[in-house]
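Read through the structure below, which is laid out as structure tokens, and then see the notes.
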């Protein structure tokens with residue numbers, strides 16, 4: 001038996017064949033409460049090394065950078081001597097490649113599509129210009145398009161959502177990418193223009209998220225716009241813009257509304273936001289949700305996902321709505337439907353999910369309680385009237401990456417996340433699996449529009465064919481080892497269906 005000394009004595013043992021073998025008395029070692037200087041140095045080196053070698057995508061959302069020089073002022077080349085790109089630091093390409101490899105592991109359906117269609121090259125000759133969030137998941141999509149034969153030039157649809165190391169990895173691959181985290185407004189439009197305006201290269205396909213790229217080409221390069229073979233759009237805001245163009249008779253190219261396809265709206269908008277809303281809020285504010293009063297503006301698919309997640313963690317959730325059908329759904333799901341002004345003074349958090357503008361006004365911001373958290377989960381950065389907060393009487397205090405305290409003269413402060421831009425992609429990550437569904441849908445939409453015979457699609461906005469929606473879903477069922485029931489001939493005849501689908505009419509609401 002060993003007596004306990006004043007200094008703690010630890011007996012080191014090894015695990016052999018399921019039994020702990022204790023060290024012999026003469027082998028006992030003493031450890032002081034605190035590490036020695038040598039020990040502290042080793043620990044420091046270990047932490048530093050593990051940080052730089054980290055595979056975690058959380059590293060993408062720090063503000064660490066090698067310098068403050070604008071990427072536009074740097075002359076960078078990749079390992080092949082190519083300089084047709086503009087990213088934060090091309091030297092981060094290896095780290096970005098690891099991020100992409102991780103994303104591929106949970107995007108098996110998109111990888112399956114790549115493998116199946118790679119030999120056929122259905123996008124051979126396609127020149128795709130894209131404006132989306134540049135994340136590891138987007139990179140998997142871009143590389144899939146390249147594998148299917150497309151040439152790609154890419155930029156970011158959001159100034160805060162770019163993963164710098166992923167952009168570097170794409171540039172190293174040879175994709176002309178123009179994006180970095182923290183672009184200015186001028187940088188944003190400069191990057192879009194550099195993607196489109198390339199001597200000897202003219203895009204014939206547009207993949208957009210928000211409509212900014214489409215708007216820029218329509219306004220500044222009308223000849224390019226007219227010669228495009230198709231547009232694929234995946235956001236509420238961008239789709240709204242397309243329908244406006246169509247209604248005015250100014251849409252001279254067929255467009256695919258991916259946002260309202262079932263596999264985008266019901267999965268990306270609902271399930272992705274259900275998980276990523278909590279991730280974004282936790283990373284930025286460390287808030288505990290239990291008992292907090294939250295108002296969610298908008299009860300579409302994004303709002304439904306946010307409300308479900310917040311309610312599950314014990315938050316008291318209010319909903320604002322303009323649509324009586326969505327409002328009734330919120331009521332039936334157990335949420336109080338209120339006007340924003342009725343709850344603005346008492347809530348701890350305001351989340352916008354509408355895609356509209358001035359959903360939260362300066363007057364409402366003035367009436368919020370001290371410490372209220374304000375953020376946006378809709379695509380557009382116009383939902384919160386952030387511009388009205390940039391006045392001399394208010395003080396902006398950056399307290400953390402993408403977290404600002406806006407301080408009123410009386411000392412009241414609100415917590416504004418990502419300057420009113422998209423919370424989840426600006427402040428956290430999103431699930432690769434759900435984005436695989438959206439990315440597969442986008443790839444199929446591009447293939448469909450690019451290969452469609454003349455006359456199939458007119459100068460209008462179309463929904464993705466339901467058969468394609470079902471195909472995308474079926475590819476992802478393999479991840480769950482799910483087995484579909486097959487109709488008998490008698491059952492198919494009774495229902496008036498083809499045994500191979502589509503299984504629901506176009507008017508069916510899932």
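Placed from the backbone N, Cα and C atoms, the Cβ positions cover glycine too.
Pulled from TrEMBL, these are the features on record:
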type	residues	note
REGION	29-81	region 'Disordered'
COMPBIAS	44-63	compositional bias 'Low complexity'
BINDING	135, 209, 234, 264, 268	substrate binding site
DOMAIN	269-430	domain 'S-adenosyl-L-homocysteine hydrolase NAD binding'
BINDING	300, 301, 302, 303, 304, 305, 321, 424	NAD(+) binding site
For substrate, whose listed binding residues are 135, 209, 234, 264, 268, the greatest C-alpha pairwise distance in Å: 18
Cα-Cα distance linking residue 321 (NAD(+) binding site) and residue 135 (substrate binding site), given in Å to the nearest integer: 31
PLDDT averaged over the residues of the domain 'S-adenosyl-L-homocysteine hydrolase NAD binding' (269-430): 95
From 301, 302, 303, 304, 321, 424, the binding-site residues whose CA lies within 10 Å of that of residue 268 (substrate binding site): 301, 302
Among 300, 301, 302, 303, 304, 305, 321, 424, the record's NAD(+) binders - longest CA distance, Å: 22
Alpha-carbon distance [residue 209 (substrate binding site); residue 302 (NAD(+) binding site)] in Å: 16
Alpha-carbon spacing, residue 264 (substrate binding site) to residue 301 (NAD(+) binding site), which is rounded to whole Å: 10
Candidate with sparsest Cβ neighbourhood (10 Å radius) among 303, 305, the listed binding-site residues: 305
Residue from 300, 303, 305, 424 whose C-alpha is spatially nearest that of residue 209 (substrate binding site), among the binding-site residues: 424
Residue 234 (substrate binding site) and residue 424 (NAD(+) binding site), distance between Cα atoms, whole Å: 16
Under 8 Å by Cβ from residue 234 (substrate binding site), counting only residues of that chain that are 6 or more apart: 132, 208, 209, 258, 259, 264, 438, 442
C-beta crowding around residue 135 (substrate binding site), within 10 angstroms: 25
Other CB atoms, at most 10 A from the CB of residue 304 (NAD(+) binding site): 24
